[in-house]
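In TrEMBL this protein carries:
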TRANSMEM  98-117  transmembrane segment
DOMAIN    142-272  domain 'Cytochrome c-type biogenesis protein H TPR'
REPEAT    165-198  repeat 'TPR'
REGION    288-320  region 'Disordered'
COMPBIAS  288-297  compositional bias 'Polar residues'
DOMAIN    323-430  domain 'Cytochrome c-type biogenesis protein H Ig-like'
Amino acid sequence: MIIFWILAGGLLVLALVFIVTPLLQSAPQEDLIEQDALNLEVFRQRLKELDADLEAGFLDQDRYAAARHDLERELLYDVDAGQQAPAQKPTPSALSRWLIGAALVILAPISAVLIYLQLGEPRLADPLQVAASAQAAEESGQSGASLEELVTRLEQRLQENPEDIDGWLMLGRTAFATGKTEQGLQAIEKAYGLAPDEVDIKLAYAEALAAASPTKSLEGKPAELIRAVLDEDPTNRIARWLTGMIAFQKEQYASAVDTWEKILAELDPNGQEAANLEGMIAEAQTRMGTPTDSGAQASVEGSVEPSAVESQAPPAAAGDADIQVTVSLDASLADQASPEDTVFVFARAASGPPMPLAVQRLRVSDLPRSIRLDDSMAMTPAMRLSAFDQVVVGARVSKSGDAMPQSGDLFGETGPLTVGKDTQISVAIDQVRP
């Protein structure tokens, strides 16, 4: 189960690659400079994540070194691709082939892992600087460009060219990354309306629909889109992965394992994608043997018709779990926080992936405050409070509001709590991150 959490961190990595790649195809030099700035920012975030993984002990030194090497190589590839890109943008199908070769999954809302980055525990090492890309950004005055500024430019570009499919797709995924679910769904719907037959866009739309639904369910229209992709291309790994997630979401763990093991057999056993998938399989296997799981279940992949996928009910526990949390700031630390500082309140599994199962955002001026964490706040279909027996609830004060924890952040956590039993708890923010 330890490796499983890597998927959570990897989702931001993969999704941001998906966001950045279309922009790398633009011809104008000012666009290439903006792309370099965004590439560098993505690289820094990903490197911080790897450093945090190593510090937390979830990655050994060999795996860390291999992942860092791949990260550096990918950045150089992205920058080089942007500098050498021809004026003619490749077709979406070409983009599809590149993406499928680069990543296994584009399946969950980016917001899930962005929040994980905000709540993660490990201390950070200094990020590696890439001289060439950084210099290009500085010379153009873009080194300090924020994601919001880049999004504003993208929105302006889309006003001038509303037929830019990749632009709408990028805007949608970025909106999800910043928690703007409705805007993200609308943008991806726009891309789908422009190219409803493109495999990439069908899957992105399925993902967006699930991310925007209260239950994060892949049933209904998402299942139809996934099935349509498999009807067209039964070998599509992303669609097959998602059918496994449909089974996982329905607690049909044997079907999920069967589907994912077939994909695993096609991957490099030493690659990161295989490690991610092995973690998901291990997670499903730990849940097998529950009353809802049956060896007689048909495999979702290839044998379950769309109507069957849509007709089955979601897990009975969905939406049932909730915890009332009273958050306070210890008086001894009051002088170290400002009223406008951001406070993240979250629940995560006591053992298993550390990405949050539910999260709320407050300000220090709101404290003390009682809030509710429940299944409606789940970031991914399978990661809900009701899916775990024990959770840890915590709160963190971030002066900068940055995605990654910083030295000096104030925080507090409970011990393991039993879901369904410990329904009213208190969290005191009484520690300082070294």
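The backbone N, Cα and C atoms fix where each Cβ goes, glycine too.
From a predicted model like this one, the values you see are computed outputs, not experimental measurements.
Per-class residue totals from DSSP over the domain 'Cytochrome c-type biogenesis protein H Ig-like' (323-430), listed helix then strand then coil: 15 helix, 52 strand, 41 coil. Across all of the domain 'Cytochrome c-type biogenesis protein H Ig-like' (323-430), the predicted model scores a mean pLDDT of 85. Note: the repeat 'TPR' (165-198) comprises 27 helix, 0 strand, 7 coil (DSSP; helix = H, G, I, strand = E, B).
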